[in-house]
Amino acid sequence: MQASLKTAVILIAVASLWNGRGTADDSRTWHGGERRFLAIVDAHGRFVGPLKSGGVELTVNGAIVFVPIHRASGADGHTLASQYVWGGVSYGNSFRTSDCSGTPFIRGELTGTLRPATIVRQGGEATLYIAPDSFSSDFAPLVRSERFVEGPCATLTPVDREEGWTPESSFPLTQHYPEPLTVR
């Protein structure tokens, strides 16, 4: 009698766990033999890639790079809840000019596992600049400037040395994957 009671309690416990998971909307479960995941989709509804830590990994010109996204802003400046654009909210681009022109200087993380890259936005266009597959270089710029996200350009005091890369290639993100982006 006690064994059948224990068996019943165990079956009820397992059944309650099973019902709490495994719905079609649960992106953490297997569905139809395939793993479901959150995906980034462009303005035309085309799949860009799986969402990973606030962005997506892309293979561009043979290099695997991480490309961040952030929430888009509406015309009134308010943040939109479900639309995204290319670029991180805290990234800045350094240039070897005083007016943020030319190609950016790519600063990579020393612990990064993917090819260093940076995004430059000019109005509605976002371009990804990719570092070469080589050691970083030291640069001693005579002038330098920096722009954060879509803010104004700031001329900075030159530094003794900066370490990073001159871009090897570029990729027009918004031409290939138009904004706004969504996560599904």
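Placed from the backbone N, Cα and C atoms, the Cβ positions cover glycine too.
From a predicted model like this one, the values you see are computed outputs, not experimental measurements.
Within the chain carrying the region 'Disordered' (160-184), a Cβ under 8 angstroms from the stretch's Cβ atoms is held by residues 38-44, 46, 48, 51, 60-61, 63, 67, 69, 72, 80, 82-86, 94, 103-108, 116, 119, 124-134, 136-141, 144, all 6 or more beyond its ends. Here TrEMBL flags 160-184 as region 'Disordered'.
Per DSSP, the region 'Disordered' (160-184) is made up of 4 helix, 11 strand, 10 coil.
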